[in-house]
């Protein structure tokens, strides 16, 4: 007997907006009027590549009638979150589950975990003791530092096998000292992607039009402080930073190969290209589709930010740490696509706890990653389109809304096209800057080459 189209595709719904701590049992209670195939095994959560819950799941049901019942739960609440329910199918479910999460082809079986929330001054020996009985590979521990040589509170640890790494994950939320430690699945690819700053950071470029001479960290200045020394030690070491006491695990972070250690020490990430002189961000985008946040509560966590953008699913959140080691109230949030980044801008001026948060778009249609410049603008932002080589700048125009083409002082025939939002900025009156920006962009891209 031929199966119907519905039978071949299965009876599946996709759920979005789940609380991060949600369990399969809670999903079953949410769909208590529906018959779920195989009980809790019919609830298939979607995870990020770092092993964090994405807030989404697929639910396999027993019939088309059960799917219709499940769809009636759309926009109902679970805890303090409203949950969206969409019709899906087994083809979509299988593809998504195969290509996402820490067990996707490019992240599986390398035994990495990422630790977050380490106490200030936490040593390698304390981490080894924390994972007592679990074998860590030689040179398999990395303690990233900021540009002043201070610990970021994170660590990457590579275990002797994926099975041992799975055991390590069970220590999630256990304590080192007075701090509870969060543990996520990771991978060699994540380590390199997260902390490999572009080589342009080794060059001294001339200042951009918005660099501030008195800003301290403007003009791409690089100081040879403790961070530089720690980088130098790690970058010349073998593996993931040199070997020292304990059988070693150097503090440095370098995958070392060429004269500066091809994948530079993490401390260089903190010395980002402040061409517009406005930030202390160590964030390096991998997709080119980001939103910068300003005005965050000082106690805001990554999970608070993920919740803030729900039901959108950011790929990565980076909370900025200032030179004094304290949070700055700013963060960079990376999205998979330009469309997601634009949709996230709907949250501009929304509240997080008692603070309203300003958002600034750092994304260009057609950009597929790479380095980019950004300037923060008040009240609104216009995003330039068609940037080449992944490098672009964000410019301000004279009206409200978002436009995907803009120019400082272009000719009168300059046209606006395809803007996002309800309004369009007027013709820029900031003549005289266009040539500077073009020269600066040319110089910037030549350095990237």
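From the backbone N, Cα and C atoms, a Cβ is placed for every residue, glycine too.
According to Swiss-Prot:
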MOD_RES   1  N-acetylmethionine
MOD_RES   2  N-acetylmethionine
DOMAIN    11-90  domain 'RRM 1'
MOD_RES   23  phosphoserine
CROSSLNK  35  SUMO2 cross-link
MOD_RES   54  phosphoserine
MOD_RES   63  phosphoserine
CROSSLNK  87  SUMO2 cross-link
MOD_RES   90  phosphoserine
CROSSLNK  98  SUMO2 cross-link
DOMAIN    111-188  domain 'RRM 2'
MOD_RES   233  omega-N-methylarginine
MOD_RES   233  dimethylated arginine
MOD_RES   246  phosphotyrosine
DOMAIN    289-364  domain 'RRM 3'
MOD_RES   310  phosphoserine
REPEAT    418-433  repeat '1-2'
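Note: the domain 'RRM 3' (289-364) comprises 17 helix, 30 strand, 29 coil (DSSP; helix = H, G, I, strand = E, B). Neighbours of residue 63 (phosphoserine) among the recorded positions 23, 35, 310, defined as a Cα within 10 Å of its Cα, are 35. According to DSSP, residue 90 (phosphoserine) sits within a helical segment. A C-beta separation below 8 Å, combined with a sequence spacing of at least six in one chain, links residue 54 (phosphoserine) to 45, 46, 47, 48, 100, 313.
Closest to residue 90 (phosphoserine) in space, going by CA atoms and restricting to the recorded positions 23, 35, 98, 310, is 98. For the domain 'RRM 2' (111-188), the DSSP counts in helix, strand and coil order read 16 helix, 28 strand, 34 coil. Cβ neighbour counts within 10 Å, taken over all protein chains shown, single out 310 as the most crowded of the modified residues 63, 310. DSSP assigns residue 23 (phosphoserine) to coil, not to a helix or a strand.
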